[in-house]
Every structure is written in C-alpha cells, then in structure tokens.
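A short worksheet on the structure shown next.
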Amino acid sequence: MQTILFQDLIAATGGNPVGIADLEQPITRIETDSRKIRPGDLFWALEGKRFDGHKFVKQALAAGAIAAVVDQTKSQRIQGPKIEVEETVPALWRLANWYRKQFEALVISVTGSVGKTTTRRMITSVLSARYAGMESPDNFNNQYGVPLSLLMLEPHHEFAVIELGASRVGDIEELAAVAEPEVGAITAIGPAHLDEFGTLEAIVRTKGELIEAIPPTGFVVLNGDDRLVRQMTARARCPAILVGEREHNNVRACDVTLENNYLKFRVDNSNFELTVTGRHNLNAALTAIAIGRQLEMTDAEIGYGLRNFQSVAGRSNPLQVGSWTVIDDTYNANPLSMSAACQILEDWQTKGKRILVTGDMLSLGDWTRDFHRLFGEEVARSTVKNLIAVGSQAAVVAGSARKNGMDAGCLGVCRDHDLALMLLDCWLQPGDVVLVKGSRGMRMEAIVTGLQRLAENRVSSETEHRKAA
C-alpha cells in the first residue's frame, strides 16, 4: 500500500476524526486483524455475522495501532484515537475505490461459479510476461477481501486482477462498483451456493452484473462454450470476446491434447502448452490469451506466461505418493467441478486403477440429493474403477452409481475419513491413481495426508520385511 494521509482517508470516507491531532500523519498500512497489528498500522474494525472488530480495538491500540476506524454508533464506548464512520464496511469500500483511482493500473475482474482463482492466476501469469501487476490474494473475493486487495496497489503496477465472489443477488454489482474494472471475465455458470441464491437464474443474474459494470471503453471475455455465459453478451455495453473450442468463438482452441498433467492446444497459428491437470483449465488459458492479445502482447510472450503458470494448491494437483498418483482436488466442490474431476480421471493415462474419493457437495440447498444422485450416475458411466463416497450423501452417490451399473464390490460408503482410508489401504496397488475431492467443509485434504502416511507405513513395513528376511 502506498502511504496516504489521515486527511485523505477522512475525505474519502466522510469520517470524523476523534483524538487525532495531526491529519497529515501518514498511514502506511491498514489491518483488520488485531493479532497482526504492527506499530504504525491503522486498525479497521470490520463487523460481520460472526465477528465484530470493535471488540478488539483496545488490543489493536495496545499493539501499536495509531488509530482505529469505528462505527459511529459504537464509538462512545471506545477510547483512544479513532475515525468515526457511518458503517465500517461501506467506508472501506469508499476508501478502496478512492485509492484505486490514484493509479493508472488496468483493473481486470474475474467471476463465475467455478474456476475463478485459476483464471485469475493464469491471467496474472500471462500479463506478467510483459507488464508489472498484482492480483487478489487467495480467498480475498468478498466484501472485505476485494477492497483490501485494491489497497495493495502500488504506483509501479500496470494491472490488477481482482477476483469477485458472490452469495446473493447484488454482490457482484456492489464489488464492481468498488473495483471499477475496465475488463471483465466470466468463467462458467453452474449450481453453486444454491442454498443462498435459491435458483440458477439468480446466479446468472448475479454473475452478469460484472458485464453490466464494464464501461464501453473496456471489454469482457466470456466462456463461449457455456450457453448461460454466452447469452450474457446481450447485457454488455462493451465488446465481448467469446473463448472456447466451438466454431463460433472469437478465440478458439484446436488440436487439444492432454498428457496427464500437461495441456497442449493451438489458437490460430500459435501452439500453447502449460502444466495443468484437466481439460477444464482450457477456458482459463483461453481467457488469458484473449486478454493478453487485447493488451498487445505477442503470442510468444503469452506462451511464456502460460508455461510459467503454477497450479493452485488443492486444485487438481497431481502428487507422487509412494507408488501411487494422488490428485489433490480438495479445495472445494460443486456439480460442475465434480464433473470436471470425473473427466480428469477419465483422461488420465495409467495402467493402474482409477479411484475416486469424494466428499459431499455442500451449499446445494433443496437440490442436494438430486445433484449427488446425478453425480453417481456420471461416475457409473465413466472409466472410474472404484468409488469411495464420504459424508451424509455418500449412500446417495454410491447407490446411484450401483443402480447405473457400477460393481457393488467397487463401491465404498464411508461416514468419515478414517473408514475411507481403511478401504483405500485394502484397494490400492502400485500404479493406481486416486483423485480426492469434496467441498471445503468436508476437509478432504485429510484423505491426502492420510494417503501420504499410508505410503510411508508401507515403505517402512517393506523395509522391515527385507531386514527380517
């Protein structure tokens, strides 16, 4: 963050300073977590459904904060230097929007039901081959994270890639008003957070708010292979670039080949390749290519950026665990990403078994059972040899797979991680590939950790056996 003055902050937020003698005093860092306060920081007391930063103002000031930004309705019980604002979250939005306007950086925003983080990081990797820039940190895509991301801008930055998340209609509109992006990208639309949105139509309406926010002088990049996204072109005031594999797309991938954790394809007369697992990463790559070309990058520069892309932890990362390949896709799950995970196993080249370990897909509301049943059908149609389902919907998934032709002896219904690992210990042979996936709340990364321990134990047992022989 570039240094700003108290008077700048007050002008941007409309705040009222109390106990601050020098309004030209510099602010070098804003912190919302009292445990991370360093001397000289400004503490911003945010308030949400499950937390209230006002309870920690005293600790923040004791740790060296020069002042605190507080809600005017709670100011009376807070002692020390402070700036009173009407509400601390909207005040943070106003400051971030003002701060964003102090720089020339091109702001690019990304949203969608799946693939936001991968697309954000791939755009950043490509643009960094020519330009200096920044991107949102992981999980900084909500009403708190977006403004804090913008406050990380520095004078030398030429671009900023800001991820936008949503859980209700209007969220993207609010966040886009803060970031004021000049370029937008929508990855895909699918049933995610249905417990909050209620309907797929509400998701479409919300994600499309980004398109409506892009000015006529900007442009949007849309997944042209996704019908719901493609139809959003009607909401654009700016040029829309469609990307995908079908003929109607402006940036079209041809000759697509997958070699486990390598993806290769051609766009026009240029060949591209990158180290990723799964065909679903193609849309992120095409989005990055489209933006790079619009910003006058050469295909050679774009190709360099794609080759230097590093996959995001917990998102289809292949690991060599003993004699097995374990694909860690545990970050999160919804019906679209579960389908993509199944396709990864289909495409994986192996002489061993393909084993899928899944946790529940959460946040699907009244459609929870239906989507788990449909997923079981999809697994049964695939080349997956063994399926282990964990959680409250495990019987639904496995039952659907069995009903649609999967061998009952290849199915596991597990109430917890330990039972799943016991089953894996029985099934796993050298050369097998295991993909692990589930919603964040299912903590499926514990399965990956357990497999690593299991592999170590097998090596130790084999070593002891050889010594005994």
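For all residues, glycine too, the Cβ spot is worked out from N, Cα and C.
Annotated in TrEMBL:
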- 27-83: domain 'Mur ligase N-terminal catalytic' (DOMAIN)
- 110-291: domain 'Mur ligase central' (DOMAIN)
- G112, S113, V114, G115, K116, T117, T118: ATP binding site (BINDING)
- 315-440: domain 'Mur ligase C-terminal' (DOMAIN)
Work through the binding-site residues one by one (G112, G115) and point out the residue whose CB has the fewest other CB atoms within 10 angstroms. G115
One finds that other Cβ atoms within 10 Å of the Cβ of T117 (ATP binding site) number exactly 23
8 Å Cβ shell about G112, S113, V114, G115, K116, T117, T118 centroid, ATP site members excluded: V110, T119, T187, A188, A284
By DSSP, what is the split of the domain 'Mur ligase N-terminal catalytic' (27-83) into helix, strand and coil residues? 16 helix, 15 strand, 26 coil
Long-range same-chain neighbours of T118 (ATP binding site), Cβ under 8 Å, sequence gap at least 6? N281, A284, S311, V312, R315
Local Cβ density at V114 (ATP binding site) - other Cβ atoms counted within 10 Å: 23
When you measure from the Cβ of S113 (ATP binding site), how many other Cβ atoms are you left with inside 10 Å? 26
